[in-house]
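Trainee: To start, I am sharing the structure in question, which I have written as structure tokens.
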Amino acid sequence: MGSRAELCTLLGGFSFLLLLIPGEGAKGGSLRESQGVCSKQTLVVPLHYNESYSQPVYKPYLTLCAGRRICSTYRTMYRVMWREVRREVQQTHAVCCQGWKKRHPGALTCEAICAKPCLNGGVCVRPDQCECAPGWGGKHCHVDVDECRTSITLCSHHCFNTAGSFTCGCPHDLVLGVDGRTCMEGSPEPPTSASILSVAVREAEKDERALKQEIHELRGRLERLEQWAGQAGAWVRAVLPVPPEELQPEQVAELWGRGDRIESLSDQVLLLEERLGACSCEDNSLGLGVNHR
């Protein structure tokens with residue numbers, strides 16, 4: 001199945017072609033700088049791959065010439081052949097400072113190392129330093145902050161501490177206003193712009209923990225995408241006759257057409273391999289997959 005794998009690899013490289021051609025405003029570098037990166041090195045990496053090419057084959061045949069004579073001539077046909085190509089490409093390698101690490105070996109950014117994990121939604125922002133979510137404190141964000149015991153008046157009457165937050169309460173003859181902090185008589189008054197904003201701020205503080213975690217995950221995905229795009233870009237640049245940004249539309253169309261032909265050839269190779277795998281001789285002495293001594 002080696003031929004099938006080689007064909008699929010070549011087709012996958014051409015599929016990245018249009019994505020890697022920079023558009024307007026794409027110049028200026030795409031590698032995102034980050035904290036903890038002490039240096040970036042450009043390494044020369046050997047690249048080995050198989051590429052296809054058209055080999056001319058001359059087929060003799062007889063034809064009718066002038067004077068009703070039979071002449072011998074030939075026609076030129078082409079067949080797809082494979083050859084091994086060895087090239088060198090440049091790749092960027094990031095070196096992290098002490099106390100920082102890469103998420104994976106090919107990452108171009110570094111993240112801080114905390115010997116003990118940051119709890120309750122905290123994020124490790126520097127070596128052994130956590131940035132805690134609202135309502136939590138301590139070196140590892142393991143301490144619940146009792147907002148009710150601070151010097152700031154958060155509730156007009158009663159304050160109840162909760163894990164990572166607090167709630168306000170009122171005496172039995174009063175009701176809690178829409179801001180969640182002020183007590184008032186009877187039914188609460190229609191919400192004002194200030195009270196609505198206050199509630200929105202509290203909701204935003206609660207969502208901050210989830211948002212930070214999502215940003216952290218998205219940064220990891222971006223690093224992996226940058227790595228894959230860099231590898232694919234190096235592969236495509238190695239097999240193209242000119243850099244992708246110098247390709248003309250007609251050249252892109254031609255390469256895309258070659259990709260379609262390669263896909264068709266790969267399907268034919270797979271069909272032949274399946275048929276050959278089902279073949280066997282009458283005495284099984286030379287059948288594929290059968291070894292008799």
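Each residue, glycine too, has its Cβ placed from N, Cα and C.
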Trainee: Kindly point out the range from 119-156, 195-232 that Swiss-Prot annotates with coiled coil.
Mentor: 195-232
Trainee: Pick out which of C71, C96, C97 Swiss-Prot lists as the disulfide partner of C110.
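Mentor: That record, Swiss-Prot, gives the partner as C96.
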Trainee: According to Swiss-Prot, C170 takes part in a disulfide bond; indicate which of C159, C168, C183 is its partner.
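Mentor: According to Swiss-Prot, the disulfide partner of C170 among C159, C168, C183 is C183.
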Trainee: Given the disulfide-bonded residues C65, C71, C183, which lie close to C110 (disulfide bond), meaning Cα to Cα within 10 A?
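Mentor: Close disulfide-bonded residues: none.
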Trainee: Which ones, of the disulfide-bonded residues C65, C71, C118, C124, have a Cα no more than 10 Å from the Cα of C132 (disulfide bond)?
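Mentor: C118, C124, listed in sequence order.
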Trainee: Would you list, in sequence order, the disulfide-bonded residues among C96, C97, C130, C141 whose CA lies within 10 Å of the CA of C159 (disulfide bond)?
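Mentor: None, since no candidate lies within 10 Å.
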Trainee: Can you see whether DSSP assigns C141 (disulfide bond) to helix, strand or coil?
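Mentor: Its secondary structure by DSSP: coil.
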